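S.K.: Please read through the structure below; I'll follow up with questions.
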Amino acid sequence: MLDFLNLTVRLAAPVLLVALGGLFSLRVNIFNIALEGFMLFGCFASVVGAYLTGSVLGGILFAAAVSLLMTMVYALFVFELDVDPVICAIAVITIAGGLTRYLLIPIFHTSGRYILPPELALPTVNLPWLEAIPVLGPILNNHSILVYLALVLPFLLHIFLYKTDLGLSMRSVGLNAEAAASAGISVKKVRYFALAMNGILCGLAGAQLALSLNLFNVGMTNGRGFTALAALTLTGFEPILTLLACLLFGASDALVLMLSGEGYPVQILSMLPYVLALVVAIVPPIVRRLAKNARRRRAERTLMAPGRECPAQE
Amino acid sequence: MGAKTAALDLRGLKHWALGLVSPVCAILISFIMAGIVVVFSGGNPLEAYGALLRGAFGSAAGLRNTVRYTLPIIMLALSFSLCDRCGYFNIGQEGQMFTAALAVAWVPQFMGGAPGFLQILVMVLLGALVGGVMSLIPALLKFLLGINEIVIGVLLNYIATLLSSYMLLHASFADPNSSMPMSYLIEAALPAAAMVGGVVLIVLVYGLGMQRTVPGYELRMIGKNPRFSRACGLPTVRIILIMALIGGAFSGLAAVGEVAGVYHKMYEGFAAGMGYNGMTAALIGKGGSVGMVFGSLILGALQSGSVTLSVETSVPAELVQVVQGFVMFFATVNILRFGFRRNRKGGN
């Protein structure tokens, strides 16, 4: 059980990092569905960076840099050239899939997948004082730095959004860009900043995904960007709630990994995260709609109650 | 009077030619960008593009292959632009294709003894129906509950892909003796002439219907301004849902063509990545049928030439995907409008 929860935390980390990246974009009202593409760039760049520099840190930094560069190109297209952000985002995903598949061949002379030497895998941190805590210790210990970053970041982000000037600017740009502009906020600068943060976090997510397994696999993000979007729509872009939602996805990933060794059909098991994301995206709006209808019926009943005048017709 | 119509025609022609500038530029820029990628990875882009061109158009077999790859892309482009006109972003085309193909592969199981043409007929109808229903799910969720159709569509794509992988291993039509997951051979084959004829017919009906008929007019109106068309008394939501159904049916038909007309069996991942092709072609054509066929032809030629590319040069065939991505990326930019806006700014 503790193993399972430990695995949950580890598998939730990449989704969480992507989701927090997407949160920046959604908070400034850019529905960035290209998360998947930026993360794939991050995966590939982390492996290339680690390979070229011979260090894990080099891989992480390179992933963040490449992903940042790509988001800036995307931002340039969306903000300066007025393109359709959705189609541009899908183009980014297509380019990410194509370029990483293509560049694997000239850089690593292999096709489909490249495995780094094991010493370039993301090292895990063992904290003796954490180990000593009964239940929490084994769950939270022995993760990589990026997992810890992912776990701390939602709280920092909460503080950033609600306690700092820049966070306030971001929220106001998201709620009403024109009003924010007339209040003297530079909407474009705030949006570029949000997309830059989005890029860096997607890069880190890619680094965690690729370097924790020390390999790059074509299309290894496997829809995590979209899962993150589903999680975000569930939580209404709240960082701390997003942490919980992503842990749920981490748990489903962990369940798939643990059960796949026990003779269940792999394909059906692998559907679990996607079905979960589907449920997460569909059920809350239905519940909201039902609640609204119930409220309206209740209000009608009160209005029509005996002893009350009916509202005059015409 | 005659002079006036001629002048009008000339203006229409000019408009049409100007509309061509931006997609052609986008395609050229994409090839240049992909060429830069090739140079940096130590290849020769001119050699690569020469091989692509030879492979796609250089021989009768190559040409046939180009047409074969172009047909499904045309269907997908029609599907995408039809839905796009109603404000429904049909990104679930791959899922629609996979589920429709499952239905097609299943048909010989329950009507194996029936004559071939009857089986084909059922395959076409069933494939279209299944594709349509798959496309209706995100559309219903969007227009009834306001859920983003892109997230749902993509998730359904993943689920449909996994489902088809599972079915190709365990369902009654799965061939247990093959090395990779695939269905049994489908005996009743869709003839190539029927496929070409069918696609030409659908393109004609689409192109003329959109411009010259009342439903086409209504559809364009909904695309431009759904609130206005509702105020005009159109059952907007119902029309949109019907269009989503038809759009999905088109993707389903693309899958029927692939499975029953080309491969004669369904195998794992046969439609992977095809959905983006249709979207790109629709984007190049900006919703017009001529431009869409042109865009599909370019993408089809890329795919058909990619075999020659990997055989004759050291440049890997994966380059094709890079070009496709760039085409999509640059086709989003309306170069003309951008130019005009800059001019206006300069004037002020």
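Numbering starts at 1 and runs along the chain as it is shown here.
Placed from the backbone N, Cα and C atoms, the Cβ positions cover glycine too.
What TrEMBL records for this protein is below:
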{"type": "TRANSMEM", "residues": "A:7-24", "note": "transmembrane segment"}
{"type": "TRANSMEM", "residues": "A:30-52", "note": "transmembrane segment"}
{"type": "TRANSMEM", "residues": "A:59-77", "note": "transmembrane segment"}
{"type": "TRANSMEM", "residues": "A:83-104", "note": "transmembrane segment"}
{"type": "TRANSMEM", "residues": "A:145-162", "note": "transmembrane segment"}
{"type": "TRANSMEM", "residues": "A:192-216", "note": "transmembrane segment"}
{"type": "TRANSMEM", "residues": "A:228-251", "note": "transmembrane segment"}
{"type": "TRANSMEM", "residues": "A:271-291", "note": "transmembrane segment"}
S.K.: Which sequence-distant residues neighbour the transmembrane segment (A:271-291)? Criterion: at least 6 residues beyond either end, Cβ under 8 Å.
M.R.: 223, 226-227, 230-231, 233-234, 245, 248-249, 252-253, 255-256
S.K.: May I ask which of the stretches A:7-24, A:30-52, A:59-77, A:145-162, A:228-251 has the most CB pairs under 8 A with the transmembrane segment (A:192-216)?
M.R.: A:30-52
S.K.: Quick one: find which recorded stretch in A:7-24, A:30-52, A:59-77, A:145-162 has the most Cβ pairs under 8 Å with the transmembrane segment (A:228-251).
M.R.: A:7-24
S.K.: Using a Cβ cut-off under 8 Å, which residues of the same chain at least 6 positions beyond either end of the transmembrane segment (A:7-24) come close to it?
M.R.: 32, 35, 38-39, 139-140, 143-144, 146-147, 149-151, 153-154, 157, 170, 194-195, 197-202, 204-206, 208-209, 212, 224-225, 227-229, 231-232, 237, 239, 242-243, 245-247, 249-251, 253-254, 257-258
